[in-house]
Amino acid sequence: MQAIIFDFDGTLVDSLPTVVAIANAHAPDFGYDPIDERDYAQLRQWSSRTIVRRAGLSPWQQARLLQRVQRQLGDCLPALQLFPGVADLLAQLRSRSLCLGILSSNSRQNIEAFLQRQGLRSLFSVVQAGTPILSKRRALSQLVAREGWQPAAVMYVGDETRDVEAARQVGLIAVAVTWGFNDRQSLVAACPDWLLETPSDLLQAVTQLMRQ
């Protein structure tokens, strides 16, 4: 094992309820239906591609909405928290001399500000932000190559089926977490190498892989 790359929203940070609230506020401007509690359960079964298609947003509208959501999410940073157990997990992983990184569709400004506020920035050797909503494959491949890591010795940890797909396409160890956006059934169908129920499960997976 050389490195572990994390998604940000829904994997490290419990930001999805805030993102949904912001997206709902912009629904009238973009012509899609706001998400209620009943819709959210259905939404967790869909890929990002399906959500965008059903919303009927053009590429220009997608970019504009993402910019608005990221800007308002930045205003909400003081209220956002790590998922329970994540801070301890990150510290333990770094103590094993593993490189830690973040690759996310969120903005660099938001990610850096949150990490600094939480006192976690020094744990990460690389932060790559602003990746496309629908596919992270190219950005993930470029990051691994730039850092000189061997794909088979790198984990990508995310909460969406698109994260699993991107990791598998690049030849990384695909790790899915069940506490984020996509539900467990959808993640199982995406066939990750590891499916985690709690942050401590990742430490167990890493321990097992490092013994091989």
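A Cβ is built for glycine as well, from the same backbone N, Cα and C atoms used for every other residue.
Mg(2+) binding, as stated in Swiss-Prot, involves D7, D9; the candidate among D75, D88, D159 given for that site is D159.
If you draw a 10 Å sphere around the CB of D159 (Mg(2+) binding site), it holds 26 other CB atoms from the protein chains shown. Each of the recorded positions D7, D9 was scored by the number of other CB atoms within 10 Å of its CB, and the largest score is that of D7. Apart from D7, D9, D159, the residues listed for Mg(2+), the same chain places the Cβ atoms of F6, F8, G10, T11, L12, V13, S104, G158, E160, D163, V177, G180, F181 within 8 Å of the centroid of those Cβ atoms.
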